[in-house]
Amino acid sequence: MVLQGAKQRLCSSKNLDTCVLTPKYQTAYACEGKKLTIECEQGELINLIRANYGRFSITICNDHGNVEWSVNCMFPKSLTVLNSRCAHKNSCSVLAATSMFGDPCPGTHKYLEAHYQCVSAAQTSTTTNRPSPPPWVLNNGPPIFGNGSGLIHPTNIGGGSGGASAPPRLPTLPGVVGINGNGGMFNVPPPATHATPPGSTATLPGGRLKGVATSTTTTKHPAGRRDGLPPPPQLHHHHNHHTDETTPTKPSGKVPAASNATAPSNTRILTGVGGGGTDDGTLLTTKSSPNRTPGTAASGPSVSSNGSAVRTINNINLNAAGMAGADDETKLFCGPTHARNLFWNMTRVGDVNVQPCPGGAAGIAKWRCVLMKRMPDSSFDEDDEEMAGTSTTTPMSTSGDCLHNSSSCEPPVTMAHKVNQRLRNFEPTWHPLTPDLTQCRSLWLNNLEMRVNQRDSSLISIANDMSEVTSSKTLYGGDMLVTTKIIQTVSEKMLHDKETFPDQRQREAMIMELLHCVVKTGSNLLDESQLSSWLDLNPEDQMRVATSLLTGLEYNAFLLADTIIRERSVVQKVKNILLSVRVLETKTIQSSVVFPDSDQWPISSDRIELPRAALIENSEGGLVRIVFAAFDRLESILKPSYDHFDLKSSRSYVRNTAILTNDSDASAGDLQQRLRILNSKVISASLGKGRHIQLSQPITLTLKHLKTENVTNPTCVFWNYIDHAWSANGCSLESTNRTHSVCSCNHLTNFAILMDVVDEHQHSLFTMFDGNMRIFIYISIAICVVFIVIALLTLKLFNGVFVKSARTSIYINIYICLLAIELLFLLGIEQTETSIFCGFITVFLHCAILSGTSWFCYEAFHSYSTLTSDELLLEVDQTPKVNCYYLLSYGLSLSVVAISLVINPSTYTQNDYCVLMEANAVFYATFVAPVLIFFMAAIGYTFLSWIIMCRKSRTGLKTKEHTRLATVRFDIRCSFVFFLLLSAVWCSAYFYLRGAKMDEDVTGIYGYNFICFNTLLGLYIFVFHCIQNEKIRREYRKYVRQHAWLPKCLRCSKTSISSGIVAGGGTGLGGTNAGTLCSVSTAKKSKLPLGTNDDAHDEQQQQQHMSATEDAIMGASSDCELNEAQQRRTLKSGLITGTLQPSQSLGGHVVLERGNTLRSTGHASPTSSAGSTHLIFAHKQQQQQPPLGEAYYHQPDYYSWKQTAGGMKAQREYYNNAGAATSSPQQAHEVFYWTQKPNSQHGKKKRGGVGAIPASPSGSLHSRATAASQVLFYPSYKKTKPGQQAHPHYAEALDPPQPPNTAAYYQQQQQLRQQRQQQQQQLSSDEEQAEQHAHLLHLQHQQQQQQQRRAGGQQQLPAPPPHMAQYQQEFMQRQYRNKHSNCDLGDAYYNQGSVGGADGGPVYEEILSNRNSDAQHYEVGDFDVDEVYNNSVGTGVFNNMRAAVAAGGSRYGGSLSGGSVSSRNQQQQQHSLAQPISARRCTADEDDDEDEDDEETTAAEQLHDGVCDEEEEDEESDMEDDSHGLPPQSAERMRRLMALQDEDFKRRFQRQQRKHGAPVDYGTLPPGSAQAVIGGAHPEHNGAVFGVSGGVGEGSMRGALRQQHAKSPSARLAVNELFGHGNTGPPLPPANQTPAQKRQQLQKLSPQSTTSSSSHTSHSNPHSHPPHHQQRHLSAMLDENNTVRCYLEPLAK
């Protein structure tokens, strides 16, 4: 090692501006065979003062304490040799060997010693003061201490008590640092109030020594120091201007005290006790820079500081250049103290103080100074803090550029600050609690050891002397080793000497006497008076000595047992040992042998029982030789090993040792450590044959607990002679109580009970939390638990929103496991180890964590299997797979925990906290390994899923697959983030628990990381698994409004039901452009055309679009009203324009989102409920009657607009006065969904027609037996008529005068309404409900035709059929299911009539199932529109479509039907030419049975049946052909679905007509059907659209566009073509009209024009376009859940 020379600057106190630079004196050593390296700073040269190769001290380079070497060994030419190598050089290196210097004293291990100075090159010619020679050269006087030590303190050289003997330099242990000398060592004398203690030497690791300084600066001793130690000096640094205030005072000696202080910058907790090994031979050389050592005043010893030393503590280099101030330096030295009759001087942290053994003993004693964590009752009191605050030390610059003429020198403070912070919580402590006197041996025992090794020595005499010495003399650590060695030697020699005694009795007597002496000696060693002797040994030596004592006693006992040849029992009882030697004849052994007897050993109630069979099988010659022993106080020696502690923390050892010394203050700490103590006396048993062999039958031990309070977890153990430690192998705990434990062992040796100590002052894991962290942990766990519960309730309450899928089941189980983990953790951290719930909590927490990780793995696997199988296109219940997940998850977890319990149940109870298993092999095998396997599998499957998604994204997929792929991609992303958060939470919790146990500095960081990550985990679950789902958001709002127990402010929330406003014309509410879509994506790219308009646009249509932007939804009830402006939603996409939208845009109906999916920005109907959406359609307006004002369907003024033009103004003004202005922005549009189930893969099933209703209650829509084209919703229709007001607070506006001819009908409706309120929810199934509604429409069709004829007044219509009264009676007796809206809309809401007929006509409400399933794709080839158009002349579109299907062979099962748009006159004219084809479809068996009673079977029905049969046969081929078609188009799908739906209802309506004897008129359709024709006197107007059916015939937009634009047959059918408005489009539900539009209608639809219009239409060309009429736009989309949505245009005012 290198020592860097330093110049010591001594400044005069009289002249602060002048400094005299004095080179610093240094000493370096190198053991024989090693190199001595000397190095000075740049610009400085080596100036040698003296040198010697030989030996002047017995301690330097003497690790083994050899005292026979000569200490007067000197090579005279040593200085000459060194000068030739090092003089006037900056650095040099010299080998300390006889080849270089010669051998002045053969047989003595020598060392090279050099005294030198580092002087600047300019001062090499100046004269320097030669310091005094080393003290061991000048002083040879008698000792000054009465303990026989011939040492004096080196500061007393040259004066005081005459000549003093030189202090021997003693070796130290490897890996430790000496305490004195230059370059970072202290040698501080005590205050003048007491005698100067022996000197302390400066040793380096492995006995290597540091240089000794002889500076003479003194500092003031501050008041308040309890230990009487001088504080480190203040260092004032000025750039090139150093002011050192010194006041020389006289210390206790006549020569100024020599001292030098250096504060280390970085240390760590030291734990090694004692030491061993050999010197590594390296010499530690310290580089030192110049420094100042100012004193403050008055008197006191001197402490100088070396501000930039490079030191090594425990083989760790410490850079002291950035050291902290004096407040830290006071904590870097252990104070002087007296221990074991020795005075231990102040010692630097990391150094080992070495000195000769006390008087009467030979050898050396050592004691180390280490840093330890402060205890709560830290000795760093206010006085220390005040002292630390008044003195600061700033590091010196190491460059040497700060000359005394300069102004200032700024010191670096960064490192000092860091060191200051690190050392603030530590304090210097002597370690271990007592000095290490392992090498100290008494002269008496040394004499006995020499005697026992002599050939003719008397063993009995030696044993007697040994027992006397051990009982009367003070022993040291080395004496314990010698004594046990003598015991074993005596027994070995007696084994050979006993043969010299021919007489058996004499032989037994001699051995018995020897045994008595040995037992007495052992008892003396165990006596309390010799406890300090045991503590002189390090823990390893203590275990070795104890093992040697036990084996020596046992060996001597069996020496006697082998000598006895007959049955006999010998008992040796002394103070601390009871020894029993029994020789038994096997024939006399009748039962088990018990030791000890109750009267033999009153000290303890322990007993050991040997079974008879084990004794007999270990007999020899018919005799069984047994040795029993019971020990007192041995339990305080044989301490358990602390291998489960981190040995880097010395506090663990200090606490454990404190139990041995009953030092409660030393054991009090701020961290609950798990301590294992020996909680019973030690009892021993051995058999002669094999002694420690395995037994066929186990022995039974009953051991009494020494401590009954605050102990737990008893463990039966035996002492392993080989490992010198306690082991539990072969022993088990049979039973235990508060005072005793019963053990069973299958071998013999020394037994005891180990138990855990529980700190009575600290009860749980929370005791180590500070106040803030404890609160934060409670808050974090509470937040996470609340959000997990919300997620679970969401999946349960709103399960109708989702298809029951494997992913949903997986997440439910993940949430359950996480909830269990959070709750168990919260309970576990509050439990103590003594709690009965501690083990149970750990077991269940283990199981919950394993289950949670396994579900994460299965979630990743499920995503992977979804991408690699057909599940990508199917999201249905997967019960078999989920059942496998359940079995593997919970079954595997429980199995692992059960195995862990079987292997080692104590794993769950032996840890410090009740939330963590003990870190052993079982823990790593059953906890860490499975968790890592599951996590790695989850990461692997996630990685594979990403690869597959990347591949699929580059291939051409159908729209449905792209949508599903986007959903899976989003799920995988969310799951991966979820996985990362959960891993962070668990890792932070684990490292926090482990770090808190070891008291690591980063423990707090882990704790707060756990708090943050756990809170984020709860928020993530709620946001990304609940809030991000649009359906769940909608269901939350519905749920809030449907429950009366919630606060009214929540149920009447003004937040929009959906996520935006559907507005036309590109404007939203309030005149803003919120509804405008700004995307440049074309409809072609989006694959979902939104709409188009005809080339001709009249002023009326434009006004309608402008007024539609001002509409708003209003949902009202008796207690709340949604009549305010809806919240705007920022649209992130734009208006989708393209070739299909040539002139006008539909406005802000749809938003384009990721994955090329569209989402609505409109509103859902306020009558929607969970799992369904209500769509309300009105009867078509009869435009030739006096125009009736259209009302908003959700407003209470519906009937106020149904008056004539003359009375409309007054009533509108009346309504306006009620508070709702006509100019307020209001709109009403409807939303409905539909989906379709994919092809069934479960074999060929008998399919019903489209819309067939399953037999299960409420329609089991997900049966796998359904057809490929099965529509997954079954509409329910509610026929309502105008009646009482729906809103009492608008009673005047809602009670219009009723026509006189409808009084009887209204009376019937009043009775019917009362029945509805009393008999709700009575229909057993959707099948019954659908049949009921079909019957109602048939009845209403008949009644409405009569009313229209009477209202027209131009012709007399025939009276209603005779069975009309019967229909009305049945109509009143029917029971209906009443659907309430979110705001409790009553029946009156459904009684709001439409504008048809004199009484307004019925309003039909369609309830569509909102199931999350995949829709069936339809291709263009399914509908040959050209053929349909060519065959549609003079026929209804339904008949033409039936013919087209029959001719073309539909692939998808179920017939097609477009909405008929021809007038009634056209249908009547063409009826005779058309082939009547029944509108029946392939129905279920129950539907066919109902039709068997029908007497009429038309040709159309036969044709239809043939088509169904053909479809049944070609099912599988159709499924194959489907994969080769063109990419799907949402418009085709929508057209097909609605056509099938309309046809299904039409079939039911016609069946009702046939059942009641009415003629089946395929041109006369129900008023709710798309083909329904309500003409009468107004034949040119079409009926209202029921559902929204698209037509492909003459009157359809599709046919018109075919004719006008001549599109190719392969062109796709767009949504805007199917649902757009225009001259040829099918009529949609009517839109409200502006006052200007209504006046125009009054002029156009006058009675005169009505006749001419009727006549003209009756004879018009079939190909001519019908006149303009008010229609409403309909836009469609496919949302992220693969559900088709349609939005009707808002009603214009």
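We count from 1, first residue shown onward.
Glycine too: its Cβ is placed from the backbone N, Cα and C atoms.
Note that this is a predicted model, so its numbers are computed, not measured.
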Site from ASN147, ASN291, ASN1632 that Swiss-Prot describes as N-linked glycosylation site, others unannotated there: ASN147
Candidate annotated in Swiss-Prot as N-linked glycosylation site, out of ASN662, ASN1681: ASN662
Same-side flag (membrane), GLU830 vs ARG1041, source Swiss-Prot: no
N-linked glycosylation site according to Swiss-Prot, picked from ASN345, ASN1430: ASN345
Tally of DSSP helical, extended and coil residues in the topological domain 'Cytoplasmic' (949-975): 22 helix, 0 strand, 5 coil
The topological domain 'Extracellular' (904-927), counted residue by residue under DSSP: helix, strand, coil: 11 helix, 0 strand, 13 coil
Confidence summary (mean pLDDT) of the topological domain 'Extracellular' (1-774): 68
Residue counts (helix, strand, coil, in that order) that DSSP gives for the region 'GPS' (716-761): 0 helix, 30 strand, 16 coil
